[in-house]
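Novice: Quick paste of what Swiss-Prot says about this protein:
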type	residues	note
ACT_SITE	95	active site, schiff-base intermediate with DXP
BINDING	156, 182, 183, 204, 205	1-deoxy-D-xylulose 5-phosphate binding site
């Protein structure tokens, strides 16, 4: 079980809602993934309409919604979007995203920390998307974020855990859940993140753009389970030398 703030999740896989060919495919994939927490970009939905094409099926699916501030370029814009989301959706949970450069979509560390501090004071459960910077993640934790969401690689790149060395440090020093977000391209990347000690991963593009999003969602679900089980099983220590799995000479001596 995974606990973040006031909620407990059985699934360690969080999913996004962007890039799907149709809302029906999106909902089917989310169900296949087993995900219980789904991110939702505020700029993509009509908050005045509960029958919005994206919002309505998510509400019907019974998943917890995690509105995000994607599109915000400053702390002020992110705080404004967060307040709108809380009023419209009735949730104090928020994925904080601030990326001023539309080409690279890398999170702004200064604005993210500033917004996180303000939002925590206002009672939000803040899950910030951030760079794989151990110092920044610790600062976000210290100002009261309920979890940290460092990137594995740039959003939508499918490159995998390019920031593995930094993620390992973040995981080792964290006292809040670590959710690896962005760049995860195939199920094996997700399994690796869980094996490393991450508490969860968030996947969107890899599922949404697959030839069969529902099958890919199911594959990610299995990979998450495998990665978590492998970590709990206690992997053997790595060695720089070969280690024989059976005696090399004993059987020859027995025959002599």
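Cβ atoms here come from the backbone N, Cα and C positions, even for glycine.
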Novice: Let me know the most crowded of the binding-site residues, choosing from 156, 204 and counting other Cβ atoms within 10 Å.
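Specialist: The largest 10 Å Cβ neighbour count belongs to 204.
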Novice: Excluding 156, 182, 183, 204, 205, which residues of the same chain place their Cβ within 8 Å of the centroid of the Cβ atoms of the recorded 1-deoxy-D-xylulose 5-phosphate site?
Specialist: 16, 153, 154, 155, 157, 158, 181, 184, 185, 203, 206
Novice: By CA-CA distance, flag whichever of 156, 182, 205 among the binding-site residues is nearest to the residue listed as 'active site, schiff-base intermediate with DXP'.
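Specialist: In terms of Cα distance, the residue listed as 'active site, schiff-base intermediate with DXP' lies closest to 182.
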Novice: Can you tell me how many other Cβ atoms are located within 10 Å of the Cβ belonging to residue 182 (1-deoxy-D-xylulose 5-phosphate binding site)?
Specialist: 29
Novice: For residue 183 (1-deoxy-D-xylulose 5-phosphate binding site), what residues in its own chain, 6 or more apart in sequence, show a Cβ-Cβ distance under 8 Å?
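Specialist: For residue 183 (1-deoxy-D-xylulose 5-phosphate binding site), the qualifying residues are 151, 152, 153, 154, 155, 156, 157, 158, 159, 160, 161, 162, 189.
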Novice: I want to verify one value. Collapsing DSSP to three states, which class is residue 205 (1-deoxy-D-xylulose 5-phosphate binding site)?
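Specialist: DSSP call for residue 205 (1-deoxy-D-xylulose 5-phosphate binding site): helix.
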Novice: Work out the three-state DSSP category of residue 156 (1-deoxy-D-xylulose 5-phosphate binding site).
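Specialist: In the DSSP reduction, residue 156 (1-deoxy-D-xylulose 5-phosphate binding site) maps to coil.
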Novice: Using DSSP and collapsing to three states, where does residue 95 (active site, schiff-base intermediate with DXP) fall: helix, strand or coil?
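Specialist: Residue 95 (active site, schiff-base intermediate with DXP) sits in a strand per DSSP.
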Novice: Other Cβ atoms within 10 Å is the metric here; tell me which of the recorded positions 95, 205 scores highest.
Specialist: 95
